[in-house]
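Copied over from TrEMBL:
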COMPBIAS  382-392  compositional bias 'Basic and acidic residues'
COMPBIAS  393-403  compositional bias 'Polar residues'
COMPBIAS  433-448  compositional bias 'Polar residues'
REGION    382-403  region 'Disordered'
REGION    425-458  region 'Disordered'
REPEAT    124-156  repeat 'ANK'
REPEAT    157-189  repeat 'ANK'
REPEAT    190-222  repeat 'ANK'
REPEAT    223-255  repeat 'ANK'
REPEAT    256-288  repeat 'ANK'
REPEAT    289-315  repeat 'ANK'
Amino acid sequence: MSLAPNQDAAATEEMNHLGKRTAAFAELEDEQVAKRPFADAVQLNSSMAKLKSDPDNSLWQDLNLEAINMKRLYQHIKQSGPLDIHDKNGYGILYLAAKNNSLEALRILVLQPAIEVNVMNGPHNETPLHAAAQGDNSDAVELLLENDALVDIPDDLGHTPLYDSIFSKSVDSMKLLLKAGARCDNVDNQGNSLLHIAVSQDFAEGIDLLVEHGCNVNVTNNAGISPLANAIQMNYPQVMKKLLAHGADANSRARYQRSMLHHAVTWNRIDAVEALLEVGCDLNAVNAMDETPLLVAVQQRKIDIVERLLAAGADPHIGIGGVWQSTNLPLLYSANHGYAQMCNMLVTDKTSDFLIKFAAELGQRSQNSPHTTQVLASKLKERKEAQEKQENGDNAENGGNQSELELGKQATDIDFDALINAAEDAASEHSKNGSQRNITQDIQSINTESDDLQSRSLDIMDGNFANVFGDNS
């Protein structure tokens, strides 16, 4: 059997994309995403006061990350002990007071002339305001802000105190910092915005607050991931819906040109798929490997998602460049892997008899081959019956669908009964003896084109995609 020239070319191009997939992926993997520098962080840090090392001071036995001994602190201040010192881990007295949420200690310390409110502490160069924000200590945050604590000093990870208030999911601390002028457009060393962090904490209320203060809902990090993609990946459906309500782009792309729908399918997030469909995302978008979300769902054998995408109008004939092709690649993939249930769903009115028959040939190589072949044979039988009704003028039920008639004529030389009988016999024997059998011999006598189709099925299995539809004989 031969394909029309345009069908032959389209099919060849469609199949060739599989051979290029690995190379394309490797090329994209090497892509370097430019990192965005944090606003004058180095300049700011170098100009700040430094604590003096005093690790052996007995003071640290009573003032540490676990507790603040107020009696010992009073004695130290009364004796004019140094306040600009740090312990063996680099933590100063004011930082420890903020970390322990000791308001009494903080109130005393901020009144001391020798205290530096914005000094760096510990291995990550954090300020006392970082410590207060980390512990959901809004009273401590407020006190430090009233005493000239700077709101946008980043630590070594690029996190400002506002980041830490999001990590601790403290709305009160966030409001205080934002009111004090904390910037909403900062990104950390990995390019993560404040919204990325809020999503990672499943912090819906924080997202509302950040968007109200002008955070860009579609910003991407150094890996090309948006807050919406992050919510999908982490399976936070309520946060994802909130982002969409705030204007997140349902058709935005992640790395490798994956759409949000690709992302949801890849991570098997059916709730995300539903939410994206509700806002009208592009069902047939193609990624850098020319794969639609439907094809990705088929490749990962996610039947519920395949069914939902098809019900929403996904077209299995969308191929390279996102344009319609005569080849139904999801069907061929399903048949080749023995996904009988998917094959039943993926045959459409646009799928030619030739491709259905070719899929049946591919199906015989899988473990579930008898069932797959039987499903596809039944589809051909339905086509034949529809064609006969039209030829007899009895097409009232089908509304005289001309496209069905044309598809039926593409394979008038197919011996439907032989194909169906072979599949049924193979399925019966497979069920009876409980073992897989090679049904190649059962199929070879179907019609005069059997050998040609068998050769093509071997080509596709061996990766010779260019040869699959290259012969019109």
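In case you wondered, yes, glycine gets a Cβ from its N, Cα and C as well.
Keep in mind that TrEMBL annotations are predicted by a computer and have not been checked by a curator.
Taking Cβ pairs closer than 8 Å, the repeat 'ANK' (256-288) reaches residues 24-25, 28, 228-229, 231-233, 235, 237, 240-241, 244, 249-250, 294, 296-297, 300, 302, 304-305, 308-309, 312-315, 318-322 in its own chain, all 6 or more past its ends.
In the compositional bias 'Basic and acidic residues' (382-392), helix, strand and coil residues by DSSP number 10 helix, 0 strand, 1 coil. Mean per-residue pLDDT, taken over the repeat 'ANK' (124-156), amounts to 96.
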